[in-house]
Amino acid sequence: MQPTYEIAEKQKALFIRSGGDREQDMEEEATETAVPNIMEMAFHLEQAGVGLGSEESFRIYLALKHLVEQQPVHTCRFWGKILGLHRSYLVAEVEFREGEEEGEEDDAEDLLEGAEGLEPPSIEEEGEEDEEKVADVVPKPQWKPPPVVPKEESRTGANKYLYFVCAEPGRQWTRLPHVTPAQIVCARRIRKFFTGHLDAPVVSYPPFPGNEANYLRAQIARISAATHVSPLGFYQFGEEEGDEEDEGGAGRDSFEENPDFEGIPVLELVDSLANWVHHTQHILPQGRCTWVNPLQKTEEEEELGEEEEKGDEGPEEVEQEVGPPLLTPLSEDAEIMNMSPWTTRLSCSLSQQYSVAVVRSNLWPGAYAFASGKKFENLYVGWGHKYSPDNFNPALPAAIQQEYASGPEITEMSDPTVEEEQALRAAQEQALAAAEDEEEDEEEEEDEDLDD
C-alpha cells in the first residue's frame, strides 16, 4: 500500500488549483493555451481501440498543465508512452517560445568539455624530469579516428523539439538532452529494453555513447521520423521556400498549416495510403536529417592542420546521402518482406459516417494516427523497438588482428655458446693489444721527430 499511497499523495497536487480567482482562471483557460486537448484525443483514439483510458488521460492532461506553467512553453503535445521493465515513460513534446535560451543543457555540455580538457599538472612535471632518463622515444600511432559528425542545432532536424519525460502523472518532469548522430547510428544497431531509470547505463555492443536518457532520446527521434503522419493537404510549404530544394540537396525543412484544408473523407483515407504524408524529416544513415561532409574542415582547423597535411594524401570524397523529402506519401514507403509498412482501417465499419480513420505502423508497433475531418493526431504506446522480420542478432566483435609478419629485423638472436664467448673475448683482447702497440709506435715516431 505504501507505493500506491505515495503516488496518490503526489497526484493529489494535480487536482488542487493554484491560488487566484476562479473566474480569472476560467477566462485564461478559455483563451488559447499551450496545453493540448488530451481528452478529445483520447476520445477519438478510444474509438480506434488504442490509448491509455480516460482516467489516465485526464491525469496526463493535468501533468502537462503543470509542465506548461513551469516552463516557457510555446507548444506542447503528448507524444506517447514508452514501456519499461520497472517503470514507464510518459513523453511530452515541447517547443519553447522564441528567445528562450536552453541554458541548462549548454552549461552542462560546457562543464563536460572543460572536464575533458583538464590534465593533472603533476604528470607533466614528472615527465619533464624524466626526459633525460628516457633513451627511446615512444612511436606515435599513425591511425586517426574517423571525424565526428556534428549534432544538429536546436530547433532543427532531429533536435527540432524538446522532450520531457516522467514516470507517473504528478512526478517531476525531466528534460532529455539533445540527440547526437553517433547515438542514433548506435541505437540502430542495438536492441535494449528500457528500465525506467534515466541514469541507468546501456550495456551493449557496440558500446552506446550515453546512458538510458540518451538512448531514450535517440529512439524518440527515430520513431518520430518514421511514424508522424498527417492527411494530405493539411500542411503545405511556404512560398518563401521555393528555391531551398536546390541548396545542397537538403530540401525543405519546414512547412505551415494550410488554411484552405477542408478535410478528406474517411473512406478515402482508409482506401489509399497516398492520402497520408510524413510531416517529420527523414533521418539519414549519417544520423542527421541534413547531410554534412565530415571531412570538410572549418577555417580554424585548416590553419592549424596545414603543416600536418603537407605530407598526407588528400581525403577521399564522401558520397552525399539523400533521403525522401518532407510530405512524402506513405504509399512510397518501402515494404517489409512483402508486407505493407502501414495498415489502415475504420474505427467502426457499421457506422462509417461517424467513424474515424486509423492508420497503424507495422514498422514501429505501437504507433497510431487517426484523422476525422480537419483533426488528426499521432500517438505511440509501446516498448520503443522497431519490427524486424528476422531474429535480432547482436553485432559480433571485430576480427582478431593478425600477428606481425616475422623477419630478420624482429627475430630474436640465439645466445652464444661458451666457446663463441671465449673466442670473442680473445679477439677483443688481441684487437686491444694491437691498438696499444700502434699508439706506442706513434708516440716513438713523434719523439724522434722532435729530437731531429
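The backbone N, Cα and C atoms fix where each Cβ goes, and this holds for glycine too.
According to TrEMBL, the protein carries these features:
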type	residues	note
COMPBIAS	239-248	compositional bias 'Acidic residues'
COMPBIAS	299-320	compositional bias 'Acidic residues'
COMPBIAS	424-434	compositional bias 'Low complexity'
COMPBIAS	435-452	compositional bias 'Acidic residues'
REGION	239-258	region 'Disordered'
REGION	298-324	region 'Disordered'
REGION	409-452	region 'Disordered'
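Counting only same-chain residues 6+ beyond the ends of the compositional bias 'Acidic residues' (435-452), none has a CB under 8 A from a CB of the stretch. When the compositional bias 'Low complexity' (424-434) is classified with DSSP, helix, strand and coil residues number 11 helix, 0 strand, 0 coil.
Across the compositional bias 'Acidic residues' (435-452), DSSP helix (H, G, I), strand (E, B) and coil residues number 17 helix, 0 strand, 1 coil.
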